[in-house]
Amino acid sequence: MLLIKNGRVMDPKSGLDQVCDVLVQDGKIIKIAPEITEEGAETIDATGHVVAPGLVDIHVHFREPGQTHKEDIHTGALAAAAGGFTTVVMMANTSPTISDVETLQAVLQSAAKEKINVKTVATITKNFNGKNLTDFKALLEAGAVGFSDDGIPLESSKIVKEAMEEAKKLNTFISLHEEDPGLNGVLGFNENIAREHFHICGATGVAEYAMMARDVMIAYATKAHVHIQHLSKEESVKVVEFAQGLGAEVTAEVAPQHFSKTEALLLTQGSNAKMNPPLRLESDRRAVIEGLKSGVITVIATDHAPHHVDEKNVEDITKAPSGMTGLETSLSLGLTYLVEAGELSLMELLEKMTYNPAKLYNFEAGYLAENGPADITIFDAKADRLVDSHFASKAANSPFIGETLKGQVKYTICKGQIVYQA
């Protein structure tokens, strides 16, 4: 038995927000009450700390199989636990891609060894070829939770429509990375800073929002659910809002880096601030925050994208891979740039990091209730934390190293077991 005493228990599903005790047994929460005494229980004193549902991240890259010099499922799970996450959804851009049942089963076998809940999508098209759909039905039956070709946009509108129709038939959805290659230059650099500082053609806004406009309208026509990944532009928020207004089933996520920083970070942090989609303008940063506030964007997801230090530290920054490690800074960025900044309440932040992402996939997660799962994060919301280069992840490609942020994870509990302790 595990007894958590005197914490501020916050549950976005029920709205519970009060100081009370939580008793855990056999992987479940068995009691939540103002005062619990339990002889012989292991006790955590959570005085002054928030007791929240375990965080849920629906967009991570754990690089297994094929790229385990960057990360693997084990180190990814350790990074997740250190960041307060108890459930994650891996993307399928591995080598080989997760496009068939055999590869999926091998990945899920590896994931099952971890102490947190590690789930995965499968690809929409075979080996990311953009032309032939995978066997959605067989992959779902084998344990895939959804479908995404994340990392590679789907150029064929015919394939997008077919994928949506198939997903709808099977009561699932597809998640899309929206950057039209035909409208883009060098990825990872927003068009403004690319032109003015790096003297190259960069990643344009229109490449994101034009492709997104196409896809949300196909979703509208097919009555299928589409999930937009890591949107970054002011116009993209408007596109999602427009589609939702028409009655289309469109959901969207934003990554913490896009509500925290702008393209200027490239000048101080170099390749660690290079990502797809790129960091944009202050007007875009403000717009995605407004999208979170209005409910147009319902999910915060990290796009945790670890890379080896040698890959990032190349002489020509345009040759460096895009992406940043994100699991261990996500909560702190939300607390710093949304809650402390007065943009969202703590409960609203938690909703977008727990209940909403869990609900999207119908996971039994993201809430605190008696008889519910004992997936719990305990953190100090007010503590200052200097981000250093020591991560549980294999990778340290974070542009936030050296910055002081709010919030410190104290304990992560998954299935009733302490999986991380600061």
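Heads up, the Cβ atoms here are built off N, Cα and C, so glycines get one too.
Around the Cβ of Asp303 (active site), a 10 Å sphere holds 29 further Cβ atoms from the protein chains shown. Positions annotated as active site by Swiss-Prot: Asp303.
DSSP classifies Asp303 (active site) as coil under the three-state reduction. Among the features that Swiss-Prot reports, Zn(2+) 1 binding site is placed at His59, His61, Asp150, Asp303, with the record citing sequence analysis.
A 10 Å cutoff on Cβ-Cβ distances gives His307 (substrate binding site) a total of 27 other Cβ atoms nearby, all chains included. Residues or ranges marked as substrate binding site in Swiss-Prot: His61, Phe62, Arg63, Asn93, Asn276, His307.
Note: His230 (Zn(2+) 2 binding site) has non-local neighbours His59, His177, Glu253, Val254, Ala255, His258, Pro277, Ala301, Asp303, i.e. same-chain residues 6+ apart with C-beta under 8 A of its own C-beta. In the three-state DSSP classification, His230 (Zn(2+) 2 binding site) falls within coil. Annotated Zn(2+) 2 binding site per Swiss-Prot: Asp150, His177, His230, in sequence order.
Taking only the Cα positions, the spacing between Asp150 (Zn(2+) 1 binding site) and Phe62 (substrate binding site) is 13 angstrom. Those residues of the chain, other than His59, His61, Asp150, Asp303, with a C-beta within 8 angstroms of the mean position of the Zn(2+) 1 site C-beta atoms are Val60, Met91, Gly151, Gln229, His230, Ala301, Thr302, His304, Ala305.
Sequence-distant contacts of Phe62 (substrate binding site), defined as residues of its own chain at least six apart whose C-beta falls under 8 angstroms from its C-beta, comprise Glu71, Asp72, Ile73, Thr75, Gly76, Ala77, Val88, Met90, Val118. Comparing Cα positions, His61 (Zn(2+) 1 binding site) lies closest to Asn93 out of the binding-site residues Asn93, Asn276, His307.
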